[in-house]
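Asks: According to TrEMBL, the protein has these features:
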- 12-28: transmembrane segment (TRANSMEM)
- 34-53: transmembrane segment (TRANSMEM)
- 60-82: transmembrane segment (TRANSMEM)
- 102-122: transmembrane segment (TRANSMEM)
- 269-287: transmembrane segment (TRANSMEM)
- 293-312: transmembrane segment (TRANSMEM)
- 324-344: transmembrane segment (TRANSMEM)
Amino acid sequence: MKILYRYIGIEVLKAVTLTTSLFIFIILMDRASFIAETVLGQGVGFLDFLSVLIKTVPSFLGIVIPISFVISVLITFIQMGSSNELVALKSCGISIKDISKPVIVLGLLFSLLSFLSLMFIAPKSNVEVKKEITQLLKKKITMNITPKKFSSNFPGVTFYVEKIYPEKGYILNFMVSIQKKLQLITIFGEKGVLRTKGDSVFLDIFNGNAQVIDWKKPEGLKFLSFKSYTVELYKFSKKEQFKAKKYKTLFQLIEDGSIESRAEIIKRLSLSLAPLIVGLLAFSVAVSLPRGAVGTGVTLGLLIVVIYYVIYTVSKKLAVKTGVPILAFTPDLVFGLITVPLYLRTIKEKLQIEIGGRW
C-alpha cells in the first residue's frame, strides 16, 4: 500500500509543480507588463525591476496553491481513470477510500502551507515590495509622471507635463497642482527639476507663474510670477506606515481587533482550508467520471474554482459590511456541505457522473 500512496503522491506533486509554475508565470507576466510600463525607461535599471517582480511572488502563493492543488487532483485521477489504473486498483481489492488517503494527507499539507503563506509570508512580501518601490520612488521621482497625461505620484499633487527627461529629473512646459489643507496652488512653468533632499521631494521651477487660493478666503485669489521658485511637494514618513490589511500578519490582525481585521483572519483561514475541502471535492468528481472524460473533468474543475472564488470574494465584503466576520467562512461552509456527502458516496462507489466519457 505504501508504494501506491507514494505513486499517487508523486503524480499529484508533479502536477502541482507544473500548474503552480504555470500560474506563477502567467501572473508574473501580467505584473511584469504593468511594472515595466511604470519603471523601465524611467531611469530604473532592469535588476531593480527584476528584484521588485521576484518579491511579488510570495504575495500570491496563498491563492495559487489551492487552485493548483485542486486542478492537479483532477488531472491526476482523470488520467488514472483514462489509463484504466483505477479499474486495475479496484480489481486488486483496493478501495476508493484507500486511494483517497494520499489526497487527504496532501490536502492537509497544502492547507498548512497556504495558511503560513496567507497569514505570514504574503503580508511580509507586500511590505518588502512597498518598501522597495518607495526607495525606487525616492531615487527616480519622475517614474510615475507620464508625458501629456495627468499624473499623480504623490498624495495631493497632480502633474501635466509636455516633455520629461527621467534620467536628469527634468520636466518641460508643465502644470502642477498642489492640494494642501487650506490651500490649492496651481503652478505653470517652462522648466522644472525634481530632486530629493533627505526625506523631502522638491520641485525647482524656472520661468513660471502660480495661482494660490485660500479656501477660507477664496476671494483673495493670488497670482504670482517668478523666474525661479522651489516648492516642497512631499515628505516621506521616516517610519513607513502599513495600515492596510494586506500588510498585516495574523498576530497584527489579532492585535488590531477590528471587524475588518477579524473578517480578514477568517477570510485567510477559509482560503487556506480550500486545498483540503475543494481538493476532496475534485477527487470525488475525478474518480466518478467515465473513462476518457478529460474535457468534462477540466470544465468541471474550472467551474468549481470559479464558483469558490466568487463566493469567497462576495462573502468577505458581506462580512465587513454587515459586521459579522464569520460570514467570510461561507465558501468553506458551502463547499464542505457539498464535499462531505459526495465524498461519502464516492468511497462507497455510489457516485457516477455519466457525461463526457468514451468507451
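Any Cβ shown, glycine's included, is placed from N, Cα and C.
Computed from a predicted structure; not experimentally measured.
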Asks: What residues elsewhere in the chain lie close to the transmembrane segment (60-82), defined as a C-beta under 8 angstroms and at least 6 residues from its ends?
Replies: 8, 11-12, 15-16, 18-20, 23-24, 27, 103, 106-107, 110, 113-114, 117-118, 121-122, 268, 271-272, 274-275, 278-279, 281-283, 285-287, 289-294, 297-298, 300-301, 304-305
Asks: Per the definition of 3+ C-beta pairs under 8 A with sequence separation of 6 or more, do the transmembrane segment (269-287) and the transmembrane segment (324-344) touch?
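Replies: Result for the transmembrane segment (269-287) with the transmembrane segment (324-344) is yes.
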Asks: Top stretch among 12-28, 102-122, 324-344 for CB pairs under 8 A with the transmembrane segment (293-312)?
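Replies: Against the transmembrane segment (293-312), the leading stretch is 324-344.
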Asks: Other than its close neighbours in sequence, what residues sit by the transmembrane segment (324-344), given a CB gap under 8 Å and a spacing of at least six beyond its ends?
Replies: 100, 259, 262-267, 269-270, 273-274, 277-278, 280-281, 283-285, 308, 311-312, 315-316, 318, 351
